[in-house]
Amino acid sequence: MKKVYLFRGGNVLKSFDTDTVFDVNAIVSHVLFTVLFDEVRYVHTVAELQSVERAAKGKADIVLGHVQVLGLPEHRALMETAFVYGVKYQFVLTTGGPVLTNMGVEDISSLTAGLWFLHCKGAPQSQHSDPCPHTALRRALTTLHIYTFLQLMEAPLVSEASVEPSEVNMVHSHLQVPLLFLFSQPHTVALDRVTAQTLAWRLRGQVGLVLIHRESPDVKIPLEYNAAYRLPGEGSEVKYLILNNLEEVIDLFRDESTPEEEEDDDNWATLDVLDDEVAESVYRDRGQSLDMDAVTELTADTFHSAVAESDYTVVLFYVKWDAVSMAFMQSYIEVSESLEDADVSDVELAVLDCGEWTDVCSAQKISSFPTVRLYCPQEPSQPYQGMLGTESLNRFIMLSRLVSPVLLSSPDEVTSFLEGDLYQRHAAVAPVTVLGLFSSTADAGLSVFKEAAKALRGETMVGLFADRQAEIWAVEYSVTLPAILVSRGPTCQTEAHSLNLSMPDQLVTHIRSALLDTFPELTVENLPLYLELKKKLLLLFVGDEESGRKGNKRVLEDMRSLLNTGLPNPYLPCWIHLGRTPAGKAVLEAYLGFLPLLPALVVSQLATGGEVFHYPTGRPLMVQPILQWLQRVEDGEEPPAGRAGNRWHTDSRAGDRYAGTDWQRQGVSGVIVDEKWMPSMPFYDFLSVMDQEVPGYASQRSAKTKTSRIERAEGEKEKSSGGGERQARAGAHNPQGSPTTKPPQTPHHSEL
């Protein structure tokens, strides 16, 4: 049996059988269960639970969780909650047995997961043998539901108000929980409080209860009504009613529970996903089934025969729990359907689940997901390294079907390859082609070029002309052989580069660099390639207005002419068409804090500090004014435009009115800084939640102590008021505590 090992420092903390860590939920839950081993108590009998309750009375509340099997999503949700709230509550875990019967579960076999909050902190220690009162979570065991439940447990059992119900604002409304209002008379207030508390205990965790005092002049409720309720949701109205007994109230919210749960799921749908946009996309499409009939699902028994039988077999290696894999799966299926529509019969698209067939993926050295490879019989597999999209993958497949390099035997074939019929036939998938020129087939560097051409298969179309007549092109383009010609079509000038042949991988890098345009249109797909050059971007933004097309063409021509007029080497002139690349609009607004008139020219120094400069609106976009402006930027005479720290700079003096270095003295910083990637919702910021409970608790600065939550509480009680850090740990959440209380010096969960 294969093992998975969890290390702390250089020591093995625990080992797991591979079949127990079968997906991401199992991995996270088992790791946290190991890390929290001394803090999350495991009980199997009622006596063990009662022992924990007796120790907790007067000190801490207990969160009891039940899961049938370790490693499931419910187990992960419980362990994540214990990791965050372990300093505040004593967490207890059980996997079934008599403990569930003790908690009032009638059919144990039907309960796959459950959670109970045991109110032990307020229970008197004198009642040593009585169990702590408990409240059950009546919803699915997810991180979001547990968080909401714990917030409700911290809320007051009964709140009192002297205003209209519509003006009551409580935490229950923010947690999407209904509010029940009972109306009290001055002469029955004591009895009304008892009734409210009795009812609140029965509805705790489901409904928030508010006692409204009628004697207030602000309360103008008709006397015939004795209760009201308001369902969660923005704009929800208060509904008034007459109730004769407590059971009518219980029945009311029991009847509301089914539609309410559906509505609640809709309200929280945008929150039940972490801050991963890919995961969110997969989550929202979870109800849509994929048409897997369009691809072949491989197994360990069929993999080798499948890749041997087809001329070209494209295999997607994926795992079901990976959001990126499942998001890309739809694009992969669309490529398969498009190839079928185009009558491409020599390519087979297949998928292999590495969660099921780990031996195959291990043998193929698959180390990340998703991974796409192209297999041809008797040849090494070809990895796909492009974007995970339909168009990019389709282009890779179509180019991979071509021989690389294409052997050319005459000058006419060379002309056809560069700009004629052969080029036009494949221009849709290979708008840029590369031609290798050698003086003869005996050239020593020919084998290196062929190896490089094979490595570039799927990226571009590569041709080879090895003949004495290659000297004709060498003379025409003023290069020495061997050389390459890069053609971008008949309307663009062919570029020539001499080759210094050494190793195939070095030649591949050289050719890829030559494929880059000197004045590129930036897109989402090619942007990473140009950022790798580490140059300052001289970036022109143009629009797609009908009336602006001629103007755009003129401006682009002027920008391209900069290449021949002494543009400093650190700059890469480029442009973004906001019609074809809508993301460019967000980029421009992020640079400047507003959307200027188009066309707009900026300098983005992302590789050298992040400063952004904006070419003044109104100045002509012509070669000489642009060069003069760039020189001012280099000399430090131009103020950066954009942001001041994390906020947009809106000083009215920005622009040409800055003289010399006055803008530096004013503290203006047009710098693109790395922003914090915060969780999408506050309650997903677990470290912040931990620090709110005990300041400094999540700092993780020193080694963990092996003491349980109850043991720490008992030790704190024995300490005097000046007892130092452990007293601070127990009382830091109390707003009445001393302002000089020190943060804990033994932070929780330091292993992670």
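A Cβ is built for glycine as well, from the same backbone N, Cα and C atoms used for every other residue.
What you are looking at is a predicted structure, and each value in this text was computed from that prediction instead of being measured.
Some features that TrEMBL has for this protein:
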- 157-248: domain 'TXNDC16 third thioredoxin-like' (DOMAIN)
- 295-397: domain 'Thioredoxin' (DOMAIN)
- 636-661: region 'Disordered' (REGION)
- 697-752: region 'Disordered' (REGION)
- 708-720: compositional bias 'Basic and acidic residues' (COMPBIAS)
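Per-residue pLDDT, averaged over the domain 'Thioredoxin' (295-397), rounds to 92. For the domain 'TXNDC16 third thioredoxin-like' (157-248), DSSP puts the residue distribution at 28 helix, 23 strand, 41 coil. DSSP places the residues of the domain 'Thioredoxin' (295-397) in helix, strand and coil in these numbers: 40 helix, 23 strand, 40 coil.
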